[in-house]
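These notes are about the structure you will find just below.
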Amino acid sequence: MNMWRHFLDKIRQLHQYYPLEMAVIWVSSIFSLWLDNHNFAILSIYTFLFPIYFSAAFLLKKFPYGSWIAVAYSIAVTLFFKFSATAIYDNSAYFGLLTIHFLLFLTYPLLKDNRAFVYLAMTRLVQLCFAVFIALVINFALLMIYSSVEYLFNIEVINHVAKQTTIFTQIFFAPILFLLFESRNTTDEKIQFRYEIELIINYVLSPLVMIYTLIVYIYLGKIVLTSSLPQGGLAYIIVFYLSLGLLCIALHAMLTQPKWQAFYRYFTYLAIAPLGLLWVGIYARVSTYGLTEARFLLVIIATLLSIFILCSLSKKLHQYRWFTLMTAVVIFFAFIVGSPKTFVDKSQLARFEQLLQDLDLLDETNKLDKKMYEKHFGKKVTTEQASKFSQLNDIIYPYILNNPEAIAKYGRKDLEHLAKIYYERVIYADDNQDERVRLTFYAYSGSETNAKKMPLDIQKYKKLYIINGYSASNLEGKEELSEEEKASLFDRKFALTDEDSGYQYAFNESYFVDVFAQAGFDIHKKYDEDELRQLSPQLTKVPTEDGGLLIFRDIDFVYETHGDIKGYVYQGGYIEFYLSPK
């Protein structure tokens with residue numbers, strides 16, 4: 001009983017010291033008990049906004065009319081998110097505002113002395129973590145009680161009250177415990193970290209920062225000597241290194257026996273070169289691949305690190321309270337005035353349109369070419385083109401098809417159609433295509449909606465056999481040929497047996513030589529692939545020696561050079577049908 005009486009006395013004291021904060025806690029806690037599965041989607045916004053309500057009351061209590069300002073501010077924030085087109089849990093403005101409140105909550109009243117500032121922020125952070133942890137323990141204990149009652153008495157409890165209990169314990173116990181800790185907080189700046197914490201900072205984190213400094217400068221020297229660009233992942237390494245260094249500088253002020261003071265005195269100067277390298281790396285990635293959500297966050301962090309490091313060079317500006325306010329301003333403009341999605345969409349759309357131009361996928365009006373599929377179907381591409389098609393494919397679904405501006409400009413159907421070109425153009429690409437030109441001829445048009453009808457006279461044939469199998473040349477993929485194999489090129493005989501029907505048929509490679517010749521081409525000379533596309537209907541219908549006809553879905557040729565013998569050599573193809581003669 002004494003324990004509960006003592007706890008209730010503490011609660012009464014909290015009402016005296018923190019009247020508005022306690023009012024927010026009581027109202028929100030009681031409200032949370034009415035949440036259930038039916039109204040959670042509608043009313044959960046107030047649960048999400050509780051940290052903002054509470055921190056606003058905590059931060060504004062000492063201002064004139066602070067209580068009224070906090071209430072008005074909370075109402076305005078609620079109305080803003082209530083009528084926002086984006087759900088609060090997907091709204092970047094909410095997370096931006098929450099981050100600003102969290103920073104100010106830890107650092108208020110923004111003490112001028114850096115040492116006092118760090119001590120207060122660290123103390124509040126520890127208090128908050130302990131408060132949340134104890135609230136979680138209370139929540140776990142209550143759920144265990146519910147579970148036991150449910151098991152012993154066969155009464156369904158957990159499904160009805162688990163959600164409300166979890167929300168209630170966090171909204172009620174966590175802030176009350178924090179206020180209890182805060183009311184006992186001392187402003188005595190002589191309080192230091194424990195000895196164990198000093199050991200970690202002096203002998204683990206500080207040596208780690210120095211080792212990273214050495215590694216980064218060695219890598220920087222390598223870049224200068226080799227005149228190469230930094231690797232893409234370097235940005236994340238430097239962000240970690242600089243953040244850890246700045247954190248150690250802040251914590252150093254709290255140590256009774258700080259080590260490596262000379263190193264930290266010059267750290268901000270040592271950080272300038274890595275900071276420049278960081279921006280070079282970010283520019284290289286963003287200019288090539290555009291902004292993504294992760295890169296946008298990286299740019300924000302790099303901006304803040306730049307501000308901190310540059311301000312640290314001046315004694316007047318080297319105050320952590322200014323760092324906190326500048327961080328809040330950057331977050332406000334990046335996440336509340338603007339949004340990551342807006343920046344990312346604009347960046348990826350610009351990159352998308354540049355790729356369209358590079359790959360010749362636009363018509364005269366700068367719209368998607370309606371004939372792009374027929375124009376590009378089955379063509380072999382260079383390594384550079386293949387890379388650009390891959391980039392195009394990677395951004396269509398996650399970014400372009402979710403961008404209203406892109407859909408309005410190009411049309412959803414055409415954009416979805418464009419995504420298929422990557423698989424048709426690049427999937428057949430040969431690693432050596434720049435040296436050994438590989439061509440695939442198709443029996444049908446690439447357009448699914450506008451397939452060309454090519455009639456075939458079947459009166460001279462008796463039966464149709466469905467083959468559906470790939471027939472490979474015995475030289476496919478072979479680069480070094482014997483003299484006998486070279487001599488037989490362009491006049492080889494291929495005898496095939498269908499496994500299902502047992503029917504045998506054969507054709508001669510000289511047929512392909514004749515097809516080239518009849519169209520005015522020499523099979524031994526190299527041509528632009530666009531010129532040879534007209535041969536597809538003839539090359540995919542191959543007569544057999546017995547008067548039958550093989551119909552290929554696609555057939556492959558490679559332009560090979562073997563000394564004086566060169567030309568388009570048959571590699572194999574996918575046979576769909578065989579028409580037997582009468």
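Every residue gets a Cβ built from N, Cα and C, even glycine.
Annotated features, as they stand in TrEMBL:
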TRANSMEM  16-34  transmembrane segment
TRANSMEM  40-60  transmembrane segment
TRANSMEM  67-88  transmembrane segment
TRANSMEM  94-111  transmembrane segment
TRANSMEM  123-149  transmembrane segment
TRANSMEM  161-180  transmembrane segment
TRANSMEM  200-221  transmembrane segment
TRANSMEM  233-254  transmembrane segment
TRANSMEM  266-284  transmembrane segment
TRANSMEM  296-313  transmembrane segment
TRANSMEM  320-338  transmembrane segment
Positions on the same chain near the transmembrane segment (161-180), where near means CB under 8 A and six or more residues out: 10-11, 14, 17-18, 21-22, 25, 28-29, 32-33, 35-37, 40, 47, 50, 54, 127-128, 130-132, 134-136, 138-139, 142-143, 146
Annotated stretches the transmembrane segment (296-313) and the transmembrane segment (233-254) touching (3 or more Cβ pairs under 8 Å): yes
Stretch of maximal Cβ-Cβ contact with the transmembrane segment (123-149) [cut-off: under 8 Å; candidates 94-111, 200-221, 266-284, 320-338]: 94-111
Among 16-34, 266-284, 320-338, stretch most in contact with the transmembrane segment (233-254) (C-beta, under 8 angstroms): 266-284
Sequence-remote partners of the transmembrane segment (94-111) [C-beta within less than 8 Å, at least six residues beyond its ends]: 48, 51-52, 55-56, 58-59, 62, 77, 81, 88, 117, 120-121, 124-125, 128, 320-321, 324-325, 327-328, 331-332, 334-336
Maximum Cβ pairs under 8 Å to the transmembrane segment (266-284) - stretch from the list 16-34, 67-88, 200-221, 320-338: 200-221
